[in-house]
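Colleague: Swiss-Prot feature annotations, pasted as is:
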- 11-101: repeat 'Solcar 1' (REPEAT)
- 16-36: transmembrane segment (TRANSMEM)
- 68-88: transmembrane segment (TRANSMEM)
- 105-185: repeat 'Solcar 2' (REPEAT)
- 110-130: transmembrane segment (TRANSMEM)
- 166-186: transmembrane segment (TRANSMEM)
- 200-298: repeat 'Solcar 3' (REPEAT)
- 205-225: transmembrane segment (TRANSMEM)
- 262-282: transmembrane segment (TRANSMEM)
Amino acid sequence: MATWRRDGRLTGGQRLLCAGLAGTLSLSLTAPLELATVLAQVGVVRGHARGPWATGHRVWRAEGLRALWKGNAVACLRLFPCSAVQLAAYRKFVVLFTDDLGHISQWSSIMAGSLAGMVSTIVTYPTDLIKTRLIMQNILEPSYRGLLHAFSTIYQQEGFLALYRGVSLTVVGALPFSAGSLLVYMNLEKIWNGPRDQFSLPQNFANVCLAAAVTQTLSFPFETVKRKMQAQSPYLPHSGGVDVHFSGAVDCFRQIVKAQGVLGLWNGLTANLLKIVPYFGIMFSTFEFCKRICLYQNGYILSPLSYKLTPGVDQSLQPQELRELKKFFKTRKPKPKKPTL
């Protein structure tokens, strides 16, 4: 749901760069909330106060301020390949779901987005697992020194398949995620009492946040089990910090419910929901600012600080067409005649 309408005035590389920079900044500024979410999902520390603020304060005092950003570098690094794979997969699925007349239903479009997200997650899954391991370790006594060292260590100690531990939950969790997306989308016109094509920018932002809250809440139990499976390792102190012992995904569900009740599957949801508005707010504003810079560079607007269009420029032209048109008129510009005596 967190997508922007394609602007033909940007090149493919510029769109990817804008999305990458926006994602990197939003991830970095909300990293402490992501840390609190993962810590609550993997293991509830007995005898300590719960909640995102208490968790962040405890990590800060024990490991220092820098520890609040554990795993964020890996999360940012995986953003670019993940976005590229997701975009390529989405285009393939759109072609697959498009009918003979070139139309695609809204349900098919949502399914294409969900499947593309699932493909990109599977392809880049080892980096997500490593991010979880880095978050769970104590940076004062680290088991892994970084992305490459973690990849090498896990591969040597636990085998290649350990890098994909819990990946099945990504596939299963896509079902409630897609259902939540469709549920929100089908009720948008009822919520705003108006057609979708007339929604304002604040309304679209609210739609994205609402969809994220619903879909993440529905799929959160699968995310919790996935995080526990990612973190669990006999080679790490305290089995990776996992608070229940299990032998597989189904057994993990069973042990969580047995030890903590059904609501234990939603441990960390508060921090996750608190992250939604600032995350998408930073992402949208950063993307729009980067987009303005690119539009100014391409010659469509007069300044990156405003959306004032350049007079005489056809906004329907693509960047390559606009460059060729400028080059054409530049070569056709008459040379000044020399004065004759």
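Even glycines carry a Cβ here, placed using N, Cα and C.
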Colleague: Counting only residues 6 or more past its boundaries, what in the same chain has a CB within less than 8 Å of a CB in the transmembrane segment (262-282)?
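Modeller: Counting only partners 6 or more residues beyond its ends, the transmembrane segment (262-282) has Cβ contacts under 8 Å with 2, 22, 25-27, 29-30, 33-34, 36-41, 44, 51-52, 55, 205, 208-209, 212-213, 216-217, 220-221, 224-225, 253, 256.
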Colleague: Cβ under 8 Å to the transmembrane segment (166-186), counting only same-chain residues 6 or more beyond its ends: which ones?
Modeller: 1, 106-107, 110-111, 113-115, 117-118, 121-122, 125, 129, 207, 210-211, 214-219, 222-223, 225-230, 249
Colleague: In this predicted model, what is the average pLDDT of the repeat 'Solcar 1' (11-101)?
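Modeller: Per the prediction, mean pLDDT sits at 89 for the repeat 'Solcar 1' (11-101).
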